[in-house]
Every structure is written in structure tokens, then in C-alpha cells.
Amino acid sequence: MALGSRWRPPPQLPPLLLLLALVAGVRGLEFGGGPGQWARYARWAGAASTGELSFSLRTNATRALLLYLDDGGDCDFLELLLVDGRLRLRFTLSCAEPATLQLDTPVADDRWHMVLLTRDARRTALAVDGEARAAEVRSKRREMQVASDLFVGGIPPDVRLSALTLSTVKYEPPFRGLLANLKLGERPPALLGSQGLRGAAADPLCAPARNPCANGGLCTVLAPGEVGCDCSHTGFGGKFCSEGEHPMEGPAHLTLNSPVGSLLFSEGGAGRGGAGDVHQPTKGKEEFVATFKGNEFFCYDLSHNPIQSSTDEITLAFRTLQRNGLMLHTGKSADYVNLSLKSGAVWLVINLGSGAFEALVEPVNGKFNDNAWHDVRVTRNLRQHAGIGHAMVNKLHYLVTISVDGILTTTGYTQEDYTMLGSDDFFYIGGSPNTADLPGSPVSNNFMGCLKDVVYKNNDFKLELSRLAKEGDPKMKLQGDLSFRCEDVAALDPVTFESPEAFVALPRWSAKRTGSISLDFRTTEPNGLLLFSQGRRAGAGVGSHSSSQRADYFAMELLDGYLYLLLDMGSGGIKLRASSRKVNDGEWCHVDFQRDGRKGSISVNSRSTPFLATGESEVLDLESELYLGGLPEGGRVDLPLPPEVWTAALRAGYVGCVRDLFIDGRSRDLRGLAEAQGAVGVAPFCSRETLKQCASAPCRNGGICREGWNRFVCDCIGTGFLGRVCEREATVLSYDGSMYMKIMLPNAMHTEAEDVSLRFMSQRAYGLMMATTSRESADTLRLELDGGQMKLTVNLDCLRVGCAPSAAGKGPETLFAGHKLNDNEWHTVRVVRRGKSLQLSVDNVTVEGQMAGAHTRLEFHNIETGIMTERRFISVVPSNFIGHLSGLVFNGQPYMDQCKDGDITYCELNARFGLRAIVADPVTFKSRSSYLALATLQAYASMHLFFQFKTTAPDGLLLFNSGNGNDFIVIELVKGYIHYVFDLGNGPSLMKGNSDKPVNDNQWHNVVVSRDPGNVHTLKIDSRTVTQHSNGARNLDLKGELYIGGLSKNMFSNLPKLVASRDGFQGCLASVDLNGRLPDLIADALHRIGQVERGCDGPSTTCTEESCANQGVCLQQWDGFTCDCTMTSYGGPVCNDPGTTYIFGKGGALITYTWPPNDRPSTRMDRLAVGFSTHQRSAVLVRVDSASGLGDYLQLHIDQGTVGVIFNVGTDDITIDEPNAIVSDGKYHVVRFTRSGGNATLQVDSWPVNERYPAGNFDNERLAIARQRIPYRLGRVVDEWLLDKGRQLTIFNSQAAIKIGGRDQGRPFQGQVSGLYYNGLKVLALAAESDPNVRTEGHLRLVGEGPSVLLSAETTATTLLADMATTIMETTTTMATTTTRRGRSPTMRDSTTQNTDDLLVASAECPSDDEDLEECEPSTGGELILPIITEDSLDPPPVATRSPFVPPPPTFYPFLTGVGATQDTLPPPAARRPSSGGPCQAERDDSDCEEPVEASGFASGEVFDSSLPPTDDEDFYTTFPLVTDRTTLLSPRKPAPRPNLRTDGATGAPGVLLAPSAPAPNLPAGKMNHRDPLQPLLENPPLGPGVPTAFEPRRPPPLRPGVTSVPGFPRLPTANPTGPGERGPPGAVEVIRESSSTTGMVVGIVAAAALCILILLYAMYKYRNRDEGSYQVDQSRNYISNSAQSNGAVVKEKAPAAPKTPSKAKKNKDKEYYV
């Protein structure tokens, strides 16, 4: 509920007088309660939004209908009933769930009660006498629709049920009793009709003509024919306010029967009695009233006239809404009188020196803090009392009598021997400077309200204290802003803390030597921090533990339902349980804390507990604010919280209600403070909902629901989910034995209580899961797997902190729970520590323990998982973890998820996000004769072995260790099954794995071999387990070396008879775990025989459906394949490794890549791919800006939780978005965007591709065709003309910077970003490598390490230029005959180019599309080269030095397969038909077909067509010179498979990026799905002239790129910026028009091609008769191959001699053909 106004009675008049005032002058109606009774009033218009309805009632009925209205039978209604003698209100708006209010005040007592109903939009308040409550409905609409009249006491019979929204109201019993003064706002409503009403309505006794009340008295109809007069505000008395002055303000039915003017109720009272008879009063006198607001009081100085009395009397009247407060006090030490209001009751304490006499007076119903006047009289008189003792004689004692309102009286006797009240101090009225320090005071706060006519009288004199204060007597001292009239004092509204995160910050509490705090609280929750404040840790340094450097603190907390006080004044703390019973019972609990120096007391519900602080300090020095209800989020980390305050460390804020907070006797307006601070989760009022919150089963995904205070609490531990209702999937981290996550806390943490929970899954029996570590001590709390059990270790380094020897424990405490937890299933572990108590739970099986010693403080700087990196104080390092961890929550902090989302900046990790297959440290045994020898296996009493293997061989020895006598152990592969053979001295035994099929299937399999101390052997293959019990010998005594993978040949013959292996293992081994030790098989080997190498890439050499994951594109090569991962956000050989990942923290961060001024590219096409995860609904991910002044830009952003792109390349802003994919869910998403001119596509994950085609493309295509015919010398003129005409606004000009993170745009991104790729640039990878062009700023963290460079000198250029690869696996070569060029060696610089045709020069010499450039200049810093034809050995002419400008990043790389080309850019299929229709189309195994395929971008003997246009000018391809009009005659056909031929120009993709995995569609490699009819599937060729790829088109299905990925997801098309499907390819249409003018050229080209084929056939003949030589193809590194193999050429031992030209690279001989 929002903080809103609470109903209070109107000012000036107390409720009783208000009742009388409202009833006066208005007719009363008597309802008989008979059938058919009703009253109908005019419609209450104020009920629609804001308004008040009030009336008075008197009844003895327990159930009846009072009021009803509705909207005519639709949704809204308001109903006021009597239920069980109490008022119940129900209402609703807009068909929302009805709200219900049930008041506690009984009204069926046949007495008058005042009712006020207040409407305020969705909120309605109901008040009866002094009780008020409010409720609110959760409706869409704020206003209530009111269509009916106001029905009172019943429903007329003519109202149909269908016209009633709440039809049951018609069957409620009619009201029986009196109802008077019904008002809507300030006016009575018009009575439209009635039935069954009697008496009062017909006799207007209080009408002006008959009003009997004189002097302005208020007339009230009490009963038929009977009236009463309220004279309280007139100054007169009597039945009709006509007799002199009345002594006090009060209702007409009060009796004056005291000789000193004390007033007593003879009947009734507000909320308790009816209107009784008015007795004849004595002569009135002037009243002396004062208002106290908590900080005011006055005192009379008795030092000059001390009191010595034996008989005395105190009288006063009070009116308040406050439950606690000091009204009067005199005396000190052991001689005093104290009169207070405590919990709404009057409390009297008298001590005459021998002990205190206490009396408590409570009303029968309600409380005295009802804002009505109450009169108190205290007397002490001498009485004779029969004593009981030795003498059994009568003694004189003093009788003490206290009466409140004349009828509530308590009597008692003071202690004997002390009869005189002596006081020479002060007479305090309404409060004191320090109420908590007054002797005998049951309260610690001053009075708030009105006090009137305070008089003290004894035998000798009379002190009219109120009069003396008003008249300014010199002996009277006034404190504060006293007002000598009765004013309304706002009640201290309670507040509700609705969540553990809610808190209110109070001003700093200055309580150095003395102080007091009192409050009431109410909750049902067992734990919570109520109050907390602390001082500065004076002189504290790192690692300081001296007691002199302790910080002072004060706290109150609830633990397990008990209230605890915690106090430390710098010399030692105390922790005191203040309540003897649990106080979380949902009832109000009053707490009163008082301190004076080291001494003090805390009282809980009047049960006081004294305390004495330890040490010598008496000063409590608090520097921080005083926090109520909890701590701020930042304060939990930044403040060095005292470890003794357990709820602070556990982040357990208080949930419940708090009221009446007084600090040092002064009130604190909690509601006002909460409103001023905008406190989240702090609501006004306090109500306890009776409905069970868990009844609706709100917890999802198996979460356990428990009831809280007006809330439910979901326990998500063990579910794999987090969040309020377990709705958010917890982050999973995968560990391979070398990975970790480390939380490096900003400050050293000291705790005495911890709650830790996590889930794990592992196949290893050993491994560290979580540990706290300290840089300065051996303190640790560690969870690890130990022999398949969960082991908890808690070590508290007592010696390190200098604690007393008696406090030291016996050493680390350990607990074990669970068994066989290494079953590759999810398990849940939880640790709960409270001081010395330990609790370890695994899968709901709990083990408890108790720590020895008094020292309980745990110090830590780090929380580590996977690997324990802080090892200075540990003797035995736990084994590294291999497996998966999830849902790590440490003291309320979900660190894994916070680390992933960037919520914390002190996280370091290289573990991989997501549930990934784990293969740790794989090694490959290349031959059966290869093996390793390690140190002896230690397996004497027990053993736990684990490893993974992958092979195609059916047999082989995996592990062998011999021992003393006949002891040995063997693990081997026999006919595809695992055998475990062992001998412990009882003879050899064999166990065979029961896998359902042979395991030599080239898949990874997991093997677990264990033996427990009970001699139970276990063999587990994947998920299938075999066990065997052995008798006899229990120990395995091994010696000698442990052999892995095989043995020497002469040793096989000596193996025991049950061992079948006669050869070694050939395949891969990984994740080898030897009893908790993870050896590095190669580094730790004592001997390594044969070919044993790191890594395991498998034997596959052909692109298959599973070759590349995450939509990576398989690129077939001569002896293998590589995966192009550029548009996946992943890396690695098969696109399954995380791309370079950065986590952007809360404060925002920015990564900026800036092109050098001379190398700024201008592009007509752009490719962007990025992976990310976030919970933000609005942020900017990536932005690319052009140079200053141009205004071109491209921006990828998140808006309302969805991804969108906006770009501008010179025209208007163009937007494209994906509204269906919500990406703000914290999961990993991959976005792919492509742009070609104004066309754009956007794809999120596997959602369908969104495409956008701005109008006007057709004109642009035609102009592009025409542009190619213009000679170079006129090209600039035409470009300027086109620019003037607005035709060339499709180019992203002069790109200057790429900015990642959105910090500069005011919409910073928070989360992780992986594998970003933009036009050949991998900016995140460059940032990780500290590239000089990259700048980082803000809260940024690199996950793991940056990508390593695995490229040789020969393959660096090849891999970096994988972006230029076409990605289909069918390829032919088109040979150009119009240009002669000569190549240079692949130096990653610009190639030298010479053109002989102006037409071609115009299109090819200047590839830049930047129309702002004045001339075409060669670039000296470019990293890409132009592929050329090596045709002659002549040096290039001087003109060749003017090579085209080539921007460093490629701006042309196709998105996956066909996505890089539009219809504008592609040659029609007819242009490719001659190449694809030759004799080598169907079968490509023949060498004659393979020989000509020598296409590359690196001048290594490849043939290219120089007539192709610049890279980013896609329009040029429409005039490809080999095009014929046969395109339109082709019928769709399936492309011929060529599995062993790689794609042109691509030798590999940079498979070294790291990024989290994400599911992706699974499509067959090499198969294309064409979206549009006759659409060619051709990638953009490399920069400069290249070789187009011929591929047969298919009509029916939509275009699908040839991608490979993991299965299980829909096969959806990827982005492809092509024209709309209903339009024919414009390029083909335009080319047909040109064909008649190029017939001669085509004939020449065909003739030249035939000549080339003859020459090549001859060359192949020579090639096949060469000396073959011998060579071995290493299949373990297919992603790094030499360029000759990459281009389909056959590797020769001896290349034919050729002229030495710059185009020759080492080990890569060029084969040159001359045409």
C-alpha cells in the first residue's frame, strides 16, 4: 500500500464530542429490523472518487445490513455490514478482487458509536470511535462507478437482483437500532423513501424551534422523545447548558463528585458507554490546558519548598492518541511518584523508600489513548491494616487508590515503616529532560497530547501546576513550544516493512553516556535486523584485530523469534537475549532500552533484563545513521559490519510493523521519514492479513513456500532457480579443472553466521566447490567432494587474531554428508553456521556439529569456486573441480548470477557460462605403441578413478599398475567394452562394464572406477553401474610406474591371464582423475613413448551436419574442414568455445575502437553479430559512427526488452527490430544484422529473419548498372552528379569509431557481451589484446583470458581473411582473359595491380565507396590484399604503385552463406552455368576436376577474374561479362555434392574466440534453402577481383544458409538482405538486356576457356606421373592448414622450377599456368 493519509477525527473536538456534535440537530431514525424494512437516500456522488460519509448508531444486533450502493449490477459495489457485532466493509472497483475491512471495536453494546467512512480513489477507510483502518483494491480504474441510490438498513423489494452487483446483499438481515446524523460530507442526504422506520424520524426534537440546549449547547436525540445537551465547549453546565461555568471540557454525561474537581464517568465513555444522565455539577471554574508534542514539558522547582507529606492527592485529565508517555513524576532515588501511560493503560508507581508499589489501570474495552478526555485521581490515606507476623497486631499503613473516569479503581498498600513522601527535586509534568533515567519510570518517552488541570494537594498546601505554568510562576520552568490550549497531536502512525530490503534511516544517535530507545513491533517472521548503528573503526588497518581498534556499535535483532540486544562501546561487546519467550507471535511487543554508562536494562513487554557492558569504556560513539528495519544495499558491503550482528551479515532485514519509536524520549515520525526518504517497501499503517499467502501456491519450479508477515517466502534452494517466486533460472558455470570463479570482496569480511547454498553435478569423486579464503589468515569455510562425499571444513585461525588460548579450538572442524555424489546428477548442498553451531545438508539429509572453543569469527577476503588460488595458509590444496556449479548463494548474495549480469565488479572468472560438455586436458595417443608413465597410483585402502575417452579402436590398454606380490590394477578396452581387472591378493578378478553398446563409437564416454574401504568395487560407464563385493584382502599394494595408454611390447606378454590387451590404446583421453589428483599427463609423465600429443580433434575430415556448432559454417578443405564462426559470437575449431567476453558493470562501461584517420572505411554493406545476456530493458549495445560532420551511423540497441537497429547512411533514419524476441531475460542471445545499401536484415537467435526494403531500390540498381559503363576518367564527374541527385545515399561514409556499451549515449548496457564481429573486426578480441586502436573505460571486466594467437607465419593471413570466404561447398572456377597481373608474396599489404581496360579500371581500381574522397590513394597500412593472376614474370610497371585504397577490416564478408549478397550484387545463374555444367559437375573425385580449383586471396597460384568490381559495390555484378540469357531457362535442381572440396578463398576461420554457448538451429552442411525463385547463392567475393561461386538455384523452399549447429532447435533461415520475394532478381533482368552487345566477348571467352582446359589436362597428366613421395596428413589441426592444401591443390614434394618472383612464399610453391 502506498504511503497515504490516515483518517483522523476532525480537529478541535475529541471523538465523543464529535459524535455529539454530528448527532445534534439531526433527526434520528429507529429501525425496527422487521422484514421489508429499508431507507433510500439520494445517490452518494462522493463515493466515485473522494468523499466522506458519517453517522451515529446504537444497536444490539450482531448481524445486519447498514449501507449499500453499487454501479447497477456491473462490477463496483460498497457494502457495510454488522458481523459478529463489529463493522465489516467490502468494496471493489473495476471487477477487481474485493477488499475487506473488519474492525475490532464492538458496536452491538446498545451504546452510541460514531462511524466515518472515507473514499479516496482505490482506497477506502473506515473508522469507529478511535479505531481506523483502510484498504485498497488493485484495480485498473481509480474511480468507483455509482449508479444506485444509497440504501440504509435494507434493500427495497422493488430492486431486482439483476440490478444488484452483489446479489447476496438482498438477503442480509435488516438493521435494528438507532441511526442518527447521517451525512454525506457536511450535508445530510435527501431521504427518498423508507419502510418500517418508527419514532425518531417523526419528532424533530432538536429542530431550531424546539432545541432545549442553551448557550450554544449541542442537542442530541438520545432516544425517542429524549434529548441531551453537550455543554463542554460553552463554559456552562446543567442538563441544558444553563447553569454557570463547567469546570472542564467533557461530555454531557460526566459526573463531578470529587471535592477537588476530579471528574468521574458514571456510565459510558467514548467507545465504552452510552449517553447517560447528566448530574448536577458543582460550580465550574476556569480550565488550564496545555498541549504536549513529545519534546515539551514543564517542571516545578521544589528545592525551596520540599514536599514532606503523609497524605496527598493528585488529579488531572488527559487526552491522547499515543500509547506511551510520562504524565507526571516527582521525587528521585527511592522516594518518588510516577504516573504514566503505558500501552494505552494508566500506570502508577509509588516508592516511599522500601520498595515500589505499582498499579495498572486498563479499560474494559479499548484503550485510554482514544483521543477522548479521561480523568485520573490518585490518593494516599492512612489506614489500619492487620499484619501477619510474630506479633499479629494491627499496623498503620497507607492505602493508595487510583481511579480513572470514576469507575476504574485499584487499591493497594505501601510498604510498612515508610510513610512519608519526601521530594526536594522537581515536579515534572508531561515529560522530563531524560524520562528513561527517572527512577521507577515504566516508559522512556514524554507525553504527547493534552493535559488539563494538573493539581497536587497534601496536608499543607495545594499546587495547581497547570495554572502556575500558564501564569508563568517563577518557580515553574517551561521546556519546548508549549501551547496552553488543547490541540490535536498527530498520532505516530505505524509503518510496515514489507520486504527485507526495506529500511528507514534515522538521524545519528548521540548517546555517548546515556540514552534510551523505545518502540513497539509486531511480526511473525523469526529473523530480522530491527535497529543498527555503528561508529568508525578508529585506526583500523588491514588485518588489524586489536581490541582497541574495534568499532562501537548498537543493534537489536530478531533471531529464531527471540529479541537480542548487541552493544559494544569499544572495549568488548555483549550479546544479550532480551526476551524469555519468542516474540514473533504477530502481537504487539513493547521494547524499552535504557543505558547509563556501562549499565542499563532492556525491557520486553514489561519484563526487564539488566546488563553490564564489558571492558572499561563508558562512551558509546556512533558515527553512522541509525537504521531501522535493515541496512542499505551499499552499506552491506562498504561498511565493516560487526560479525556479532548475525542478521546484518545474513542480509536478513526486518519484515513487520513498527510504531511509537522514541529516541531519548523524543518521538520519531516514521511515516514522515519514510515519505521524505522515498523508502521503498515501507508502507503506512499496520494490518495483519488473515488469508494464508501460500494457499495460492505462488512458488514456481518446485520452490517451497512458507508464510511471512503479510507475504510468502519462497525457498528456491535445490530448484535451480532464483527470484522472488523461483522464476529465474540460475546461472550454471562449467569447470574443466583449470577454471574458477573468484569473488574478491572490497573489504575483509568478518562473520559469525553464514548461510551457503549451491547445486553441483560432477563425475569426479574429488573437487573443490566453494571456499572462503583470507589473505592474512588460515580462516576458511570450504566445501569439497572427498571420495564421493560432501566435506565441510571450517577453520578459524584463533592464533592469528591473538585470541585467548581458552578460545582456541582443537583445529579445523569437518563434517561429512552424502555418499556417491559423483554420479553426474544435480545435488544440493547447504551450510548453516550460527556461532559455534554447524549444519551441513546434502539433498535434505542434514548433519550437525558443534565447534570447540569460544572463537567463532571467520575472516575472508575471497569466495572461490573450482580452484583454491589463495594457498599461503593451507597445507593440503584441495583438488580442482570438474563439473558444473549453479545457484551459489552466500549470505543472500547470488554471486554467480551477479557476476554474469555485471552487478558486481569484484568478480574474476574463466569458467564457462552454461551447461557445457566438459573435456579437460585431452591428449591423443596417435598409435597403439604410444604410452605414458606416471608415478605409482596411491590406492592402498580406497580408490576413486575417473577419466574420459574417445576412440574408434575396439581394443587397447588404458591403465596398468603392478604391485607387490600379485597385486595389480588394469583398465582396458576389449571388443568395444571396458574391463576392470584387479588383484588385491586373493587372485585376479574382472569386472565388465555393462554399457548397452560398444563404446568405440568415436564419442566421449565417462569411466568411474572406485573401491571403498568396505572393499566394494564399482565400475561405471556413463550412467550404467556395476558393483562387486570382495572378501579377503582389502588393500591394494601397488608399486612401480602407472602406465597410461599402453605398455612396451615386451610387457604385454607378462600381463595376468585375465588381461586381454596385447596392444596399446589409440584415441583420446581426458579429465584423468587419480584419487583426487588431476595430473598433467604430458607434463607430469616420467616417460612419454611414441606420439602422444595434447588435444583431440577427432578423425573427421568431411563437413557433416554436426561439424560446426551454433550456426557456424563448415568450410570443406582438402584434408579436412574448418568452421567459419564469425557470425555466431563463438569461436574455437568448431564454433563451440566462448567468444571473447566482457562483463559491463552497473556503473556503465565503454569499449571504443577508432580507425586511423587515413584508414576509415566507407561501406555499402555491413555485417554485425554479437552475443549478450542482460536483464536490462533499455540500453545501447553497439554504435558505429562516421567521421565528424557526416552524420552516418548504425546503432544496435535494446528497447522495451527487444532488439532493434537504427541506421542512417545519408537519407533518413531506417529502423528494423524484432518485437517477438524478449532479450531482457538474462539468457544468452545472439543478434545478427546485415545491411546492403538501404536494405537490412535482423535475426535474433533462431527467430525468423526480419527484412526491410526501403522504396527506391530499383532506380538505384539501374543507376549502378549504368555507372559501370562510364570510363574511369569520367567516374568522378558522374559520382558528383549522382550525389547531387541523391542517388548515391546508400554508403556508410568514412566510419570512424565502433563503441560498445552505450555509456556515451546515456543508456549504458549492463551484462555480458561476447564475440562481437563487425565487418571483419573482432573488437572485443582486440580489446583483450590491448590493441592500440581500442580504448576501454568504466566498470568493465574481461571473462577469462583473451584469445591466444595460434597461427603460423604461413597461415596468419589465411585465418584472418576467413571473412572473405564463400561458405558453400560447391565451387567452380571462372577464368578471366582480359587482364594480366602479377602477384606478390602474401605480406598482408596491398597487392600491385595493373589494368588494361578503362572500363575495368573504373570499377576495380578504387574499391572505396567514400564519395567524400578527392582521389583514390593507395593505403600503406591495410591488412588485406587483392587476389591476382600470376601470368608473367615481368616486374610491375610504375603505375602499379597506385594500388587501390583498401580499408583494414573487410566490409564485405557474407553473413553465413548467401546472406551477404543482394539481388543487385549477384550475377544471374546463367553466368555461372557454363562453369557448373561441365563434365566435372556430378563427380568431383577425378583429379581433372580438382586441378583447376586454385582460388585464394593470397597470390599462391590461384586464378581470379579481374573484371569483378570492388568489394562493397554490389551493383557492379549485374554486368558480369560472362552472363547469358540462359538463366531464365534453368529449372531448379539439387546441387551436386562435393564433400571433399573446400570453398573458394577460405582456408579457415579464426576459431579462437571465446563466448558462451547458445542453442542454434541444426541445418545440414552444404545444403541451401533458397528463399526466392532463381536467386543465386553467391557470397560476396574477396576484396578486389575474385572468383564467383557457381551454384545451381532451387525454386521451392525459402533460402536457407548452409550452416551446422547442435540439433534440437527449429530450422529457421538466417539473415539474408535480398530483395522482396515477389520481385524477380533485377540483376538478371538488366543483364539480359546487355547480352546482345556482349556476344562476341562471350565467344572469345568460351574459346579461351576451352584452351585453358586443354592446357590444364596436360598439366594434370604430368602431375599424375610425378614421383609421389610420402607424406602424412595431420588431422589434429584441421583449422590450421597450409594455403596450398586449403585451395584444393595437391601438395608436392618437389615443385617445378619457376622464376623467382615476389609472389612465392616459403613452403608454398605457386603453380602457374599461362593462357
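Even glycines carry a Cβ here, placed using N, Cα and C.
The signal peptide annotation in Swiss-Prot covers 1-29, and the record cites sequence analysis as its basis.
The N-linked glycosylation site annotation in Swiss-Prot covers Asn60 (among others). DSSP gives Asn60 (N-linked glycosylation site) a coil state; it is part of no helix or strand. Listed in sequence order, Ala108, Asp109, Asp110, Arg176, Gly177 are the same-chain residues at least 6 apart in sequence whose CB falls under 8 Å from the CB of Asn60 (N-linked glycosylation site).
Residues or ranges marked as disulfide bond in Swiss-Prot: Cys206-Cys219 (among others).
Annotated disulfide bond per Swiss-Prot: Cys213-Cys229 (among others), in sequence order. In the three-state DSSP assignment, the secondary structure recorded for Cys229 (disulfide bond) is strand.
If you look up Swiss-Prot, you'll see Cys231-Cys241 (among others) marked as disulfide bond, on the strength of sequence analysis. The Cβ of Cys241 (disulfide bond) has 25 neighbouring Cβ atoms from other residues within 10 Å, across all protein chains displayed.
Neighbour list (Asn338 (N-linked glycosylation site), Cβ cut-off 8 Å, at least 6 residues apart, same chain): Leu326, Leu328, His329, Trp347, Leu348, Val349, Ile350, Leu438, Pro439, Gly440, Ser441, Pro442. Among the features that Swiss-Prot reports, N-linked glycosylation site is placed at Asn338 (among others).
Counting only same-chain residues at least 6 apart in sequence, those with a Cβ under 8 Å from the Cβ of Cys450 (disulfide bond) are Val289, Ala290, Thr291, Phe292, Phe318, Arg319, Thr320, Cys486, Glu487, Val489. Per Swiss-Prot, the feature disulfide bond maps to Cys450-Cys486 (among others).
If you look up Swiss-Prot, you'll see 493-686 marked as domain 'Laminin G-like 3', on the strength of sequence analysis.
According to Swiss-Prot, the disulfide bond annotation covers Cys657-Cys686 (among others). The secondary structure of Cys686 (disulfide bond), as reduced to three states from DSSP, is coil rather than helix or strand. Sequence-distant neighbours of Cys686 (disulfide bond) (same chain, 6+ apart, CB under 8 A from its CB) are Pro494, Val495, Thr496, Arg522, Cys657, Arg659.
Per Swiss-Prot, disulfide bond is recorded for Cys694-Cys705 (among others). In sequence order, Gln693, Cys694, Ala697, Pro698, Cys699, Phe712, Val713, Cys714, Asp715 constitute the residues six or more apart from Cys705 (disulfide bond) in its chain with CB-CB distances below 8 Å.
Summarising the annotation, Swiss-Prot assigns disulfide bond to Cys699-Cys714 (among others) and lists sequence analysis as the type of evidence.
Classification of Cys716 (disulfide bond) by DSSP places it in coil, neither helical nor stranded. The C-beta environment of Cys716 (disulfide bond), restricted to residues of the same chain at least 6 apart in sequence and closer than 8 Å, consists of Cys699, Asn701, Gly703, Leu722, Gly723, Cys726, Gly887. Per Swiss-Prot, disulfide bond is recorded for Cys716-Cys726 (among others), and the stated evidence type is sequence analysis.
Look at Swiss-Prot and you will find 732-907 tagged as domain 'Laminin G-like 4'.
Annotation comment: Swiss-Prot describes Asn844 (among others) as N-linked glycosylation site. The DSSP secondary structure for Asn844 (N-linked glycosylation site) is coil.
Under the heading disulfide bond, Swiss-Prot lists Cys1068-Cys1096 (among others).
If you draw a 10 Å sphere around the CB of Cys1114 (disulfide bond), it holds 29 other CB atoms from the protein chains shown. If you look up Swiss-Prot, you'll see Cys1103-Cys1114 (among others) marked as disulfide bond.
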### Query
Does DSSP put Cys1123 (disulfide bond) in a helix, in a strand, or in coil?
strand
### Task
Could you work out which of the disulfide-bonded residues (Cys229, Cys726) has its C-beta surrounded by the smallest number of other C-beta atoms within 10 A?
Cys726
### Message
Spatially, and counting Cα to Cα, which of the recorded positions is closest to Cys1125 (disulfide bond)? Options: Cys213, Asn844, Cys1068, Cys1096.
### Response
Cys1096
### Task
List nothing but the one residue from Cys699, Cys1096, Cys1135 whose Cβ has the fewest other Cβ atoms within 10 Å; the candidates are the disulfide-bonded residues.
Cys1096
### Query
Whole-number Å distance between the CA of Asn844 (N-linked glycosylation site) and the CA of Cys1068 (disulfide bond)?
39
### Task
Enter the number of other CB atoms within 10 angstroms of the CB of Cys1068 (disulfide bond).
22
### Query
Listing them in sequence order, which of the recorded positions Cys241, Cys1068, Cys1103, Cys1114, Cys1123, Asn1239 have their Cα within 10 Å of that of Cys213 (disulfide bond)?
Cys241
### Task
Would you kindly give the Cα-Cα distance separating Cys1135 (disulfide bond) and Cys1096 (disulfide bond), rounded to the nearest Å?
15
### Query
Of these disulfide-bonded residues, Cys714, Cys1123, which scores lowest on Cβ atoms within 10 Å?
Cys714
### Query
Do you see any of the recorded positions Cys229, Cys241, Cys1068, Cys1135, Asn1239 whose C-alpha is within 10 Å of Cys1103 (disulfide bond), and which ones?
none
#### Entry: Packing count at Cys1125 (disulfide bond) (other Cβ atoms within 10 Å of its Cβ)
32
### Query
Which entry in the list of disulfide-bonded residues, Cys213, Cys657, Cys694, has its Cβ near the fewest other Cβ atoms, using 10 Å as the limit?
Cys694
### Query
Across all protein chains in the structure, which of the disulfide-bonded residues Cys486, Cys1103, Cys1108 has the highest Cβ count within 10 Å?
Cys1108
### Task
Give the residue from the glycosylation sites Asn844, Asn1239 that has the most other Cβ atoms within 10 Å of its Cβ, counting over every protein chain displayed.
Asn1239
